[in-house]
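Remarks on the structure that follows.
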């Protein structure tokens with residue numbers, strides 16, 4: 001059964017770790033030890049998006065957090081979004097982003113923008129920061145090593161069952177070849193994946209980053225999938241945080257419209273990952289500094305846990 005947490009104040013508790021008392025820091029480090037043992041050698045897929053990608057302090061904190069996970073023996077794989085950056089780039093060419101059921105309508109010009117923003121600007125920024133702090137990150141798109149093979153998405157028209165909506169060059173994942181990711185992991189690198197897929201004839205497709213993260217977690221047999229967002233987690237219609245959701249409860253939230261817009265692909269992908277065998281799937285508030293470490297290395301209840309049963 002879902003547990004609701006009151007969210008009268010939707011702003012995150014952005015207390016910096018630097019402000020925590022030394023004794024509490026020691027407790028946190030001691031608390032992390034069993035989790036470090038538990039997840040040693042395990043793959044952790046992180047969907048990186050929202051404010052954590054645009055606020056400088058959070059960006060630098062995320063880079064350090066990912067490096068720490070690698071240093072203590074885990075295998076983090078980062079799948080990044082970049083919606084705000086794409087919107088900003090589209091404005092410069094006189095276009096406005098349009099979304100249907102949480103998916104960006106992608107014409108030919110928009111696809112070109114998506115490719116150079118995600119596969120270039122955003123990816124390079126993440127890789128640079130991780131490497132700047134002493135990590136070894138390598139950026140990938142779906143073309144590298146045949147990582148993500150995609151076809152044009154057929155989006156069902158909910159108002160006209162049996163028909164489909166054309167949303168352009170939006171991709172549906174046909175297959176993921178994890179060989180290049182596993183090779184990088186074996187050589188102590190941190191893969192940073194842009195959600196761009198390619199068809200056999202070389203056509204690029206814009207794929208929702210949540211969808212890529214969920215499928216990547218499934219194919220890599222990840223221990224955990226953590227999705228970072230701009231909200232505390234899944235909220236009910238009264239603004240309360242739902243800390244634990246089963247498959248049945250998620251279907252009810254879809255049906256009554258509680259989950260809508262950009263949350264649709266996010267929750268669908270999270271649930272699919274849980275059903276596929278990913279042991280732990282969480283949606284967390286990326287606006288909280290070091291939220292990734294708090295989720296993985298402490299007992300602190302955080303965000304929304306997605307269960308397959």
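Glycine residues also receive a Cβ, built from the backbone N, Cα and C atoms like all the rest.
The substrate site in Swiss-Prot is built from 82, 83, 104 plus one of 206, 230, 240, namely 206. Residues 82, 83, 104, 206 are listed as the substrate binders, and the farthest two of them sit 12 Å apart at their Cα atoms. Apart from the site residues 82, 83, 104, 206, the chain places the Cβ of 81, 86, 97, 114, 117, 118, 195, 208, 209 no farther than 8 Å from the centroid of the site's Cβ atoms, the recorded substrate location. Counting other Cβ atoms within 10 Å of each Cβ, the lowest count among the binding-site residues 82, 83 belongs to 83. Taking every protein chain shown into account, 47, 266 are the recorded sites, and of these the Cβ with the most other Cβ atoms within 10 Å belongs to 47. Counted within 10 Å of its Cβ, the other Cβ atoms near residue 206 (substrate binding site) come to 26, all protein chains included.
Counting every protein chain shown, the Cβ of residue 104 (substrate binding site) has 22 other Cβ atoms within 10 Å. For the pair formed by residue 266 (site 'Transition state stabilizer') and residue 82 (substrate binding site), distance between Cα atoms is given as 14 Å, rounded to the nearest Å.
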